[in-house]
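Taken verbatim from TrEMBL:
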- 26-117: domain 'Ig-like' (DOMAIN)
- 122-217: domain 'Ig-like' (DOMAIN)
- 228-311: domain 'Ig-like' (DOMAIN)
- 316-398: domain 'Ig-like' (DOMAIN)
- 404-491: domain 'Ig-like' (DOMAIN)
- 496-590: domain 'Ig-like' (DOMAIN)
- 597-695: domain 'Fibronectin type-III' (DOMAIN)
- 697-797: domain 'Fibronectin type-III' (DOMAIN)
- 802-899: domain 'Fibronectin type-III' (DOMAIN)
- 881-906: region 'Disordered' (REGION)
Amino acid sequence: ISQGARERTDLLVRDFQAASALNYGPVFEEQPVHTLFPEGSAEEKVTLACRARASPPATYRWKMNGTEIKMEPDSRYRLVAGDLVISNPVKAKDAGSYQCVASNSRGTVVSREASLRFGFLQEFSAEERDPVKITEGWGVMFACSPPPHYPGLSYRWLLNEFPNFIPADGRRFVSQTTGNLYIAKTEASDLGNYSCFATSHIDFITKSVFSKFSRLSLAAEDARQYAPSIKARFPADTYALAGQMVTLECFAFGNPVPRIKWRKLDGSQSSKWIGSEPLLQIQDVDFEDEGTYECEAENIKGRDTYQGRIIIQAQPEWLEVIADTEADIGSDLRWSCAAAIPFLFFSSNGFILLFAQNRIEVSGGELRFSKLVLEDSGMYQCVAENKHGTVYASAELTVQALAPDFRLNPVKRLIPAARSGKVIIPCQPRAAPKATVLWTKGTELLINSSRVTITTDGTLILQNISKSDEGKYTCFAENFMGKANSTGILSVRDATKITLAPSSADINVGENLTLQCHASHDPTMDLTFTWSLDDFPIDFDKSEGHYRRASVKEAIGDLSIFNTQLKHSGRYTCTAQTVVDSASESATLTVRGPPGPPGGVVVRDISDTTVQLSWSRGFDNHSPIARYIVEARTLLSPKWKQMRTNPVNIEGNAETAQVVNLIPWMDYEFRVLASNILGVGEPSLPSSKIRTKEVPVPTCWSGKAGSHHAWGQLVISLSPTLRDYQNGDGFGYILSFRKKGTHGWLTARVPHAESLHYVYRNESIGPYTPFEVKIKAYNRKGEGPESLTAIVYSAEEEPKVAPFRVMAKAVLSSEMDVSWEPVEQGDMTGVLLGYEIRYWKDGDKEEAADRVRTAGLVTSAHVTGLNPNTKYHVSVRAYNRAGTGPPSPSTNVTTTKPPPTRPPGNISWTFSGSTVSIKWDPVVAKADESAVTGYKMLYRQDSHSAPTLYLASKSRIDIPVPEDFTHAFVQIRVTGPGGDGIPAEVHILRNSGTSMMVEDSVTRPVPHAVIITTNSLVMVALISYLEL
């Protein structure tokens, strides 16, 4: 740099430094707001506020519609501090957009725009209104036709005289959009004169006007009933700003007066809905409320519907803003702004920067400076705007030119270092531009070598230190503004060493252990010991008494662990530390205990007395699993009891077993426990509840009609008698039977103990005819006693009547619930065994229908395995042993769309005290996917704890965590009417704030979880396993 240029720069620097001492540019504390001034108001002025914090104090200017306002002595405009006061405002001259401009020696900033508008309400037209004549019982509408006005009005209607206002009672409705009056069904009391009453509300000023009266006369009553017809409708597209309240109107004529219902076609009803029949109001709308809404008017004669969309828009909102910055002269700088709208621009000291100017380049949301000069200092603003508003982000740029100065950050005067260790000596003078740094030891210039390193930022690093390295070390710093130096003295001390390191150990749960750690150090320095478990520091005060220091001697840092638990397993590191160095040694502690709970108990292959169980292995807790135990409980015996299994002893490597000797037709829950040489571990979560199959009560014999036999037959079924109970050779049965109500008995001999049935044929036997039957056994020694009389029926006939009122409702994208009214037992010629549900896709033939059967008298069924977003036809038939009856009239149901396939992404978290806040990007459903109504998050702190399920309505959640929290595993997925989506899995660490996505995020069963819904008071414990 030339001497002349340097002198000019020095002069600029001195002037700039003198001006910038404790000074800063304007920062708005109050900005003008949109103002509405009532025409004809007694108030003779309007004030637009503006105040900025600045040093030196700011001066103010104002712009109207982009043009600066001249403040002349006799002008209607004057400044009061920074406020603009307009005297005797006039709409023709003063309505427009205003901005405040604040300036001082550091720069200029421009406020947001604020509009000044004038409110007014003119009188109704003086023309007489036509009378209205309508047949009594019909609906009628009176048009308000309000006069010119600004802003909007509220409306009421007068009947005959003031203040006889017409109430909104369901039969009558006043639209607050048009002011029109609707009467759904006229009555004799409606006869009279009607006037529209309109009111304007501007601040504290209220003005009302009313129209000429219109007379309503009624013709002879028409008592006929008719279906609804919607007359007052909300727009096909309703645009709303996020955060506002949206009101939709819907009113219908009809006799009887229709009822109004609201629904959202592409989502569920929100808790923000405020319903009063003709109106639907949604508070604080956001993008989740966007969609298609339907109004339904219904009475006993029919229904009418109307649909329209709500479209949510938003004012500009910053995603990234510029901030006050100090930069070195000659350096480069890049500032970025980002907003959720496309149009961004920058301004410098109130002037818009649209194109590259010398060393300044503007590109989208970036402002780039190359080779900063002092004149670049000033106030800069980033501006984002759309049709709903404009937002400003301001920042001050200070370009610095400083000679090196060590006063704030000198080299440390005394620098202790350990023998054979490493020492780092920073050199960080304040300087702009960045200074060139040299180091000396005494008079020797230091350069990089195997033991000496001087980093690019001027830091000196000495390695493998010896006594000869002691001495004075000086840092010399220089830039074009000047030079400076700072000196420190290096003192070499004895190194810290671990003399007795901890040893790895294996112990059992509940035992005590001491890990030894001794160290030597320089006697002139203090020595401290710290311990960590798996790299997380141990807090002795929060260890619940498990951790204690074993000695108070300075050179001994032994760690005692009492009543060890499984969570105490891991790698323990002892660190002996002085102010100059440290030494560490590690050892592994393995805590053995009973196995952890098995997971995912699933029941299948259910029969009358057996089931097949399967499960997944839990943690063996460092001791091999020896065997498994199966327990069960029933409604009759709620206590868990050990069950008999096949095999009897379930080996530790097994993951399935058969449970035997169960009671038929009984509800069971099962759980599995693992054991090893250290004991029996915690049980798994209960399985889902199942019911074993039913069987006939075991008796010597039973009689029933088989559906495979023809009419004209009586089939008496027999239960074979075991040989142990035959009491001799030549065993057989003697049957006696007669039609119920007759007198004579018929007899038959069945000579074999193995016989399963006896058939009596007679063409006169009708379907399902009752017979009285007795039986006795015989062998070669004689006949036994005769049994009691039992009733047996001949072959059944298929049902002749069909169920009715069949209803089907889609539950998820692949499931539906079906219900019906049962057939009357008196119409049956047989025993009703249940109902058969048939369902087939629209376009398929009924012959290709899938079928589901129920047992007993239940009148509903849950059907799974359906295709998403598919229309199905459904019919129901009764069945007995003879077959199925006629079908019910079919009904239709359409399954919901499937849940979104994309898992939540960009998961992040932050800790605040005893709470972790987890956020993720919202998942937006595609057109062929169901809406997202919320999120499910499965949270598990470690492998030994039961998982917890949280429900969240938005893409963030706050979870309480214990103070000693270190890490947790989390699964997050969307949920909605179509079911649950694919999960994203993350591993949360307290010392990390970014997501760690786990590749294997396949959905899998998760046992017994606790559901906690955020923003509500509901907690539900799931008894069966839950698939998220």
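In case you wondered, yes, glycine gets a Cβ from its N, Cα and C as well.
Just so you know, TrEMBL annotations are computer predictions that nobody has curated.
Against the domain 'Ig-like' (496-590), stretch 597-695 shows more Cβ pairs under 8 Å than any other of 122-217, 228-311, 597-695. The stretch from 26-117, 122-217, 802-899 that makes the most Cβ contacts under 8 Å with the domain 'Ig-like' (316-398) is 26-117. Note on the region 'Disordered' (881-906): residues 705-707, 767, 795-804, 806-810, 812-816, 820, 823, 830-831, 833, 836, 838, 842, 846, 866-875, 920-926, 928-930, 932, 935, 955, 972-984, 995, 1001 of its chain, located 6 or more positions outside it, place their CB under 8 angstroms from a CB of the stretch. DSSP places the residues of the domain 'Fibronectin type-III' (597-695) in helix, strand and coil in these numbers: 0 helix, 44 strand, 55 coil. Here the domain 'Ig-like' (404-491) has, by DSSP, the following mix of helix, strand and coil residues: 3 helix, 46 strand, 39 coil. In terms of DSSP secondary structure, the region 'Disordered' (881-906) contains 0 helix, 8 strand, 18 coil. Using DSSP to sort the residues of the domain 'Ig-like' (316-398) gives these counts of helix, strand and coil: 3 helix, 49 strand, 31 coil. Note: the domain 'Ig-like' (122-217) comprises 3 helix, 43 strand, 50 coil (DSSP; helix = H, G, I, strand = E, B). Residues belonging to the domain 'Ig-like' (122-217) score a mean pLDDT of 91 in the model.
Helix, strand and coil content of the domain 'Ig-like' (228-311), in residues and according to DSSP, is 3 helix, 54 strand, 27 coil.
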